[in-house]
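Student: Have a look at this one before I ask anything.
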């Protein structure tokens, strides 16, 4: 029993010594590896880059490496939204242009179909007879549309006179071959008279006013014309006097140009009635010279008596006098 008691402490001491010997290299290895890994793990990225590049640049570089969005990207997103909105506004204008284009296309197709419908022999041209038939249909359609809108049937205009249609046909026949091609028909249909455009425009204020010399010259012409209309020389022109004057002028022009197609009696009456209504501004049944000069020659009444003078305008000359 005593020998066993002696061996037990000895064995226990040997075991402790072995554990100590094994523990020392292991702890050294752990400490070495732990200190190395701990130093790298505890180093912040900003600290690592600091001293090489600036702090802001370091932050930007790290953000880029990490794939993070900065505030500028957010602003760009807002800008892109604004661009989308502006594109939406522009699209409204594009839609308006598309609508106008569609309307023009529909009108063009309608005219082509109308032309083909009245090209009875299908030769691609309208003869004078076919043209007259087409224009009478246009007139009838206009009357029917007016009646549908509540127009007065008693005020319906009569169909166009043959002479007027012949004159229009000759004018629209651009190459003077005695027939209208589709191109000539479309040109006449969609072409706007430059004179009508000028009258419809608001550019009258852009025109330079007449000089005193121009007014004086126009007055001479107006006085001569007014005198010829005033048959009884009583200082004013009545509607019958104007009608007689226009008939006389029509006759003279027809004799001077045999190829010219004169106005019919109905056209003459209509034009004189319309003109007299414009000239007779006070509606007293007679036209005085100031009314005639103002409307026919476009000279305001306050300037009708201006006379050219040397050394300045009429107003300056009048003030000096």
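Every residue, even glycine, has its Cβ placed from backbone N, Cα and C.
Straight out of TrEMBL:
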| type | residues | note |
| --- | --- | --- |
| SIGNAL | 1-28 | signal peptide |
| REGION | 51-110 | region 'Disordered' |
| COMPBIAS | 60-102 | compositional bias 'Acidic residues' |
| DOMAIN | 113-141 | domain 'EF-hand' |
| REGION | 137-236 | region 'Disordered' |
| COMPBIAS | 143-172 | compositional bias 'Acidic residues' |
| DOMAIN | 160-195 | domain 'EF-hand' |
| COMPBIAS | 173-182 | compositional bias 'Basic and acidic residues' |
| COMPBIAS | 194-215 | compositional bias 'Acidic residues' |
| COMPBIAS | 216-236 | compositional bias 'Basic and acidic residues' |
| DOMAIN | 217-252 | domain 'EF-hand' |
| DOMAIN | 267-302 | domain 'EF-hand' |
| REGION | 298-321 | region 'Disordered' |
Student: If we skip the immediate neighbours and take only residues 6+ beyond the ends of the domain 'EF-hand' (160-195), which ones have a Cβ under 8 Å from one of its Cβ atoms?
Tutor: 107-108, 111-112, 115, 124-128, 131-132, 135-136, 139, 261-262, 264, 266-267
Student: Would you mind giving the whole-number mean pLDDT across the domain 'EF-hand' (267-302)?
Tutor: 90
Student: Quick one: DSSP breakdown of the compositional bias 'Basic and acidic residues' (173-182) into helix, strand and coil?
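Tutor: In the compositional bias 'Basic and acidic residues' (173-182), the DSSP-based counts are 1 helix, 2 strand, 7 coil.
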Student: Give the residue counts of the domain 'EF-hand' (217-252) per reduced DSSP state, in the order helix, strand, coil.
Tutor: 27 helix, 2 strand, 7 coil
Student: With DSSP as the reference, give the number of residues of the domain 'EF-hand' (113-141) in helix, strand and coil.
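Tutor: Result for the domain 'EF-hand' (113-141), in helix, strand, coil order: 20 helix, 2 strand, 7 coil.
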